[in-house]
Amino acid sequence: MEQREENLQVSAMQTCCYISEEEKEIMIGSCREPLGMIHFGNLSLFDGHLKHNEDVDTGALKDSEDGHARVNEKPIYTNCGGQLEMQIQGAFSGEIMEESQSGNAYICRMPKLANTGEQKDMEISEVVAQTFCQMPQQENVLVLSPDNALAIVNLLADCAKKKDLNRGSKLHVDIAGSGFFESNAFVGCALLNMYAKCGVIHKAEQVFNRFSVRNAVSWNALISGYTQLGYSNEALASFKQMQEEGLPPDAVTFACILKACSNVYDVDMGHVLHAMVLRQGFLESNVVVANSLIDMYVKHGFLANAQAVFDELRIQDSVSWNVLIFGHAQHGYAQESLNLFECMKDHGFCPDAFTYVCVFKACADIGNSVKGQEVHNEIIKGGLENANLVVGSVLIRMYAECGMLAEAQRLFDELPTKNVVIWTALIEGYVQQNDAHRAFCCFEQMKEQRVSPDDVLFSCILKACGSVGDSSRGQKIHLEIVMDQLLDGNMVIASSLLHMYGDCGLLAEAQEVFDELSARNVALWTSLLAIYVQNGCSAEALDYYRQMQIEGFLPDEMIFASIIKACSSLAALVEGQQIHAEIVKRGLLDIDTAVPGSLIDMYAKCGLLEDAEYVFEHLIEQDVVSYSAFISGCAQHGQGERAINCYEHMKADGGFSPNAFTFASILKACVSIKAACKGKEIHSEIVKVGYKDDIVIGTALVDMYGKFGMLDEAQLVLERLPLRDVFTWSSLISGYVQHALDDQALCCLAQMELEGVFPNAITFASSLKACGSIGAIGMGKRLHAEIVKHGLFEENIWIGSELVDMYVSCGMISEAENVFNELPIKDTHAWNTLIAGYVLFGDIELVLKTYGGLLKSGKEPDSATFTLILNACTGRGSLDSGQYYFEMMSMNFDLIPGLEHWNCIIDLFGRCGLLDYAIAVIEIAPILASSVIWHSLIAACQRAGNVNFGQWAFENARQANDMDGAAYVSLCNTLHSSCLY
């Protein structure tokens with residue numbers, strides 16, 4: 001009888017989670033409560049097995065008189081204490097069975113069938129369900145009596161495993177109708193677990209609330225259900241209530257609640273549970289609980305605590321090692337993970353498939369293909385390479401991430417079986433290495449071989465579409481997903497669709513996908529906000545952030561990181577500070593590297609470097625991300641020296657190695673302070689640490705050398721890059737244009753197009769400037785046609801301004817006017833460009849008329865507008881107009897005159913022969929007169945033949961610049977014109 005009780009207890013608990021043999025032993029120990037004798041008619045279940053064996057011995061096993069055949073004329077073997085095994089083969093005959101003396105007698109629990117027969121290796125719950133379904137329809141109803149508790153538990157377990165809510169609910173109705181529920185706690189636990197596994201937690205709670213007596217088993221079932229469904233806070237609350245009711249937690253309770261604790265990052269509760277485990281002796285006596293504790297610390301990122309628990313274990317198993325190896329690999333400590341792998345083998349533990357998965361991930365993370373190949377050879381010797389598809393897929397991923405795509409392809413080709421996981425590993429490899437074309441080819445080939453994509457593969461191929469802007473292919477895949485009914489409820493695919501449309505710049509389509517989803521979670525909101533920020537729509541991102549909160553979603557770290565970027569883009573300091581306060585309140589500043597980095601970046605972009613430094617200095621733990629964010633902020637605001645000092649401190653005192661973003665930022669800092677030598681020094685460091693082929697760093701190097709005028713070095717860096725994208729080419733073209741090497745700039749454009757790289761808006765802008773500078777109108781018109789063809793004219797208003805400027809520079813003012821009139825949006829810069837054209841042609845009437853049009857359009861003039869107008873007035877000697885507009889800029893538009901405006905008005909007075917007024921303006925001007933002003937005054941003195949003022953202006957010019965040869969020439973001309981030379 002004790003054996004049968006243990007069988008039923010283990011069966012009930014197995015329905016809560018599919019567990020190891022060690023866990024079964026734990027559960028048996030925690031469930032010992034008297035069940036009473038459970039009889040089946042005149043036979044107990046246990047006696048029935050003995051009777052069956054007697055029949056075998058006496059030859060009496062045959063069709064019985066009660067109208068049904070025995071099960072396939074073979075005995076049922078029983079082994080209790082968690083080791084019970086039964087074998088049921090065959091099916092019932094087609095005869096009608098009567099009452100309890102039927103097939104129900106043989107629907108019993110079995111952990112696993114013997115390794116023979118058609119049902120080899122099936123779980124007993126599956127076999128019981130299969131046997132039940134094979135009974136004649138008239139008898140396909142289980143007799144609900146205490147004797148059949150084990151069969152009911154197994155049928156519910158099968159429903160749970162298959163998530164068959166419909167069948168499980170029908171069983172519930174039958175159980176409730178028989179009144180059997182109240183008399184058997186194990187059936188109640190199995191029913192509770194069935195609802196939890198089917199995701200209907202409120203029904204599980206209803207079952208739990210009907211328990212007349214709650215013991216450790218029922219509490220464990222509820223806590224397990226909460227934990228499995230992600231209701232970790234509810235699991236913790238139930239654990240607390242369980243304690244309040246005076247029930248001590250057992251090993252199963254601890255295993256479940258430690259998992260719940262790890263899911264909600266409740267560090268304090270984790271320490272409390274650790275103390276309880278120690279107090280009850282489970283750390284020494286139960287390796288399952290100990291492994292759960294290690295896993296909790298690993299998920300919290302407290303690897304030192306996890307290692308300490310591991311070191312205290314009297315008995316360590318392969319799971320203990322695997323959890324520790326996985327934790328280090330997961331948190332970026334790849335080398336430590338590999339070291340633990342070697343220690344595991346040294347201690348005599350054999351790695352399993354999961355161990356190898358972690359090891360290959362670690363190798364991929366640090367690009368250690370040599371170690372990866374060494375371990376690969378190890379599994380070949382062990383025969384796991386082709387025997388385990390998971391290991392095979394991770395191997396392919398490892399080779400792909402190390403850039404060894406040929407080896408990944410070879411391994412893929414040699415695998416005898418290729419399922420969707422294997423195909424996904426290869427396709428992901430091509431996507432990661434920016435080879436979208438090969439990824440698309442593999443995807444089509446896979447479908448030809450009738451392998452159906454899953455959500456992971458669809459996500460991967462959508463990422464490939466987004467990476468190359470192939471919205472047409474992405475929309476076809478979207479349709480395929482809808483036809484296969486994979487979108488509804490699948491958050492992974494929904495998120496991937498959002499990102500694909502976002503990467504292609506199709507925000508309306510992304511928004512439509514989001515709006516049509518029947519359910520949303522925080523991850524989807526994160527994706528939506530990220531694509532709006534990524535596409536420069538930060539105001540919309542802030543609007544949706546507010547909407548998300550209205551709908552009751554709590555922002556996570558990723559959302560905070562995105563929305564802080566939106567605040568940075570908009571310089572929305574007040575809102576950014578409010579979000580900062582919320583982050584501090586929730587304690588997220590010290591546990592997530594993306595959030596402090598984003599905050600530092602926001603304050604830096606808002607010009608508050610002191611606030612950025614405050615956030616940086618007060619971080620509990622600084623890392624390369626936070627250092628890089630602060631360095632970038634300093635570089636953006638021209639504080640190159642400060643950036644370089646921080647960079648050196650990061651390496652020397654912080655002990656951190658710069659990443660690609662750090663190098664790109666420090667190169668920008670070198671440009672801001674014109675530190676060419678320091679830039680070359682950092683370039684050498686980049687080569688030394690192996691980043692020379694990184695396209696982001698390569699682009700930053702090309703940009704730096706271009707701005708320094710070192711175009712040969714810039715060209716050399718570009719040529720040595722294995723992959724050159726549009727940003728790299730644009731940096732080089734821009735460098736040539738900045739240094740008036742316009743022919744070379746257009747040659748680079750031609751070479752870029754030959755390599756199949758299509759220009760972006762920046763490339764077009766620089767190239768149009770080059771065309772205007774050298775009068776290459778033919779090339780300019782061709783670029784104009786390409787811009788219109790690809791819709792860039794409407795998307796980028798400043799390209800329209802560059803087109804106007806190009807036509808103006810080439811003397812084609814009518815074409816410039818046509819382009820200007822076609823602009824969908826005319827900003828102040830566009831108006832200024834057209835005004836500049838009229839100034840160049842000396843048409844002051846059109847200058848002032850266009851200025852009037854600017855005002856009528858609702859735009860406000862800026863400093864550049866008034867510089868152009870004052871230049872036009874000076875050129876025509878329009879003194880009244882010049883004075884009027886000079887005064888207007890400060891009185892009407894609150895614009896403070898700059899050096900260029902003072903130069904214009906002084907030059908205007910000089911040209912009009914009003915030298916006294918010019919000198920008076922110089923004396924009252926709030927800025928120091930430049931050499932340009934003195935040259936203008938000397939020229940005015942020359943025209944007026946005023947030697948005294950000319951000599952005075954000359955002395956001031958010489959003080960401003962002792963080597964100013966132009967001042968000497970102007971003075972000589974003045975003296976000559978006055979016959980005093």
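Residue positions begin at 1 at the first shown residue.
Note: Cβ is positioned from N, Cα and C throughout, glycine not excepted.
In TrEMBL, annotation is done automatically, which means it is predicted and not curated.
Features as listed in TrEMBL:
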- 215-249: repeat 'PPR' (REPEAT)
- 317-351: repeat 'PPR' (REPEAT)
- 419-453: repeat 'PPR' (REPEAT)
- 521-555: repeat 'PPR' (REPEAT)
- 623-657: repeat 'PPR' (REPEAT)
- 725-759: repeat 'PPR' (REPEAT)
- 827-861: repeat 'PPR' (REPEAT)
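Remote same-chain residues near the repeat 'PPR' (725-759) are listed as 695, 698-699, 702-703, 705-707, 709, 711, 714-715, 718, 766-767, 769-771, 773-774, 776, 779, 786, 790 (criterion: CB distance under 8 Å, separation of at least six residues from the stretch ends). Same-chain residues lying 6 or more positions outside the repeat 'PPR' (317-351) and placing a CB less than 8 Å from one of its CB atoms are 287, 290-291, 294-295, 297-299, 301, 303, 306-307, 310, 358-359, 361-363, 365-366, 368, 371, 375. Across the repeat 'PPR' (521-555), DSSP classifies residues as 26 helix, 0 strand, 9 coil. Note on the repeat 'PPR' (623-657): mean pLDDT across this stretch is 85.
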